[in-house]
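Right, one structure below, let's go through it.
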Amino acid sequence: MSKQSPTRKLRQTVYDASLKVMFTLRPERIHGIMNKALGVVDGVAPLNRTMEKIIAVHDDSLSQEVFGVTFPRPLGLAAGFDKNASMADAWGAVGFGYAELGTVTASPQPGNPTPRLFRLPADKAILNRMGFNNLGAAEVAKNLRNRKSTDVIGINIGKTKVVPAEHAVDDYRRSASLLGDLADYLVVNVSSPNTPGLRDLQAVESLRPILAAVQESTTVPVLVKIAPDLSDEDIDAVADLAVELKLAGIVATNTTISREGLNTPSGEVEAMGAGGISGAPVAARSLEVLKRLYARVGKEMVLISVGGISTPEQAWERITSGATLLQGYTPFIYGGPDWIRDIHLGIAKQLKAHGLRNIADAVGSELEWKN
């Protein structure tokens, strides 16, 4: 493991203590408090710029052009936190290189009944069955038009719950038409376990017309996000379809419905009910999926790896296993902004240790971590 400075250890101690206090409150209430705090960062431009200068890692070796977009740093916020693009300008200020906002649906919807968000501290994980609660594509588009920064953002779009599967193509097309040109890239989400029947759309015959419709509706790069619970054969099929349609890339992976190997007592997990688990428990499978995708289509499209990337060592392994970009959400909750900084500093240090000028040179290199 990489060593921490005394100052870094102190910040971690303070954050851990704060986290214990926050964890006495309901998860969604904490999310609301964080939203308000980040909303201040989003809305006050001088504060935003000052934080970005102080907190973010500025190293030219981390900057790369990906599908025609310049990403200043490789780690981005994963979809699920900023569902309505209400804090779109805050994410660069806390250190992320970009942010994927959403998931957004064509029509507004409340999501599933509460409680729908649960913590598994023993696993450094979160279980959620939020159900794509959001204000709808038209309202999110208004928020995006009010942005002041030029930070890189992607928009993750999903199916409106009440829309039947046979009308999914039109539903995704509507979202893409409203949001596509307001983002740097779009991600088609067919992999959340919390919308009935959504994962069935990962089947190639269902997925092809959806992806084609989204591509026709926007000029920005289009990617697809897949589940870790797909069989290897289905992963291959989606990858081949992505190549056939000339997608910009694949985001791998979403949350898992598996409950295997958890440290949290099974009775507690069962009491939480249905939902997808994110964080450390999905790390191993996410890495497996990444390696499989890179071997099959890595030379033909961008791979964004997400799922349990908690340490700089894990981040480096994802990069050297074929990921051009990384994402995280749950480790941000457990680690705070220093987690983002640690990841970026760790990658930059490894690039220097291996004599590489740019992160692009490390992608798929299989280079080991150097202490």
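Cβ coordinates come from backbone N, Cα and C, glycine included.
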Quiz item: Since Swiss-Prot lists N128, R129, M130, G131, F132, N189, N194, N254, T255 for substrate, which candidate among K36, K53, K83, K299 does it give for that site as well?
Solution: K83
Practice problem: Check Swiss-Prot for me: it has A79, G80, F81, D82, K83, N156, N189, K225, T253, G279, G308, Y329, T330 binding FMN, so pick out which one of T70, T103, T264 it puts in that same site. | Solution: T103
Quiz item: Can you give the largest Cα to Cα distance in Å, as a whole number, for the residues K83, N128, R129, M130, G131, F132, N189, N194, N254, T255 that bind substrate in the record?
Solution: 16
Quiz item: Ranked by the number of other Cβ atoms within 10 Å of their own Cβ, which of the binding-site residues G131, G279 ranks first?
Solution: G279
Exercise. Could you state the whole-number distance in Å separating the C-alpha atoms of K83 (FMN binding site) and S192 (active site, nucleophile)?
Key: 14
Practice problem: Using all protein chains shown, find which of the binding-site residues K83, R129, K225 scores highest when you count other CB atoms within 10 A of its CB. | Solution: K225
Practice problem: Filter the binding-site residues F81, R129, G131, K225, N254, G279 down to those whose C-alpha lies within 10 angstroms of the C-alpha of S192 (active site, nucleophile); answer none if the list is empty. | Solution: R129, G131, K225, N254
Quiz item: Other than its own, how many Cβ atoms are within 10 Å of the Cβ belonging to Y329 (FMN binding site)?
Solution: 21
Quiz item: Given the substrate site residues K83, N128, R129, M130, G131, F132, N189, N194, N254, T255, which other residues of that chain have a Cβ within 8 Å of the mean position of their Cβ atoms, reported in sequence order?
Solution: G80, T103, G111, S192, P193, T195, G275, G276
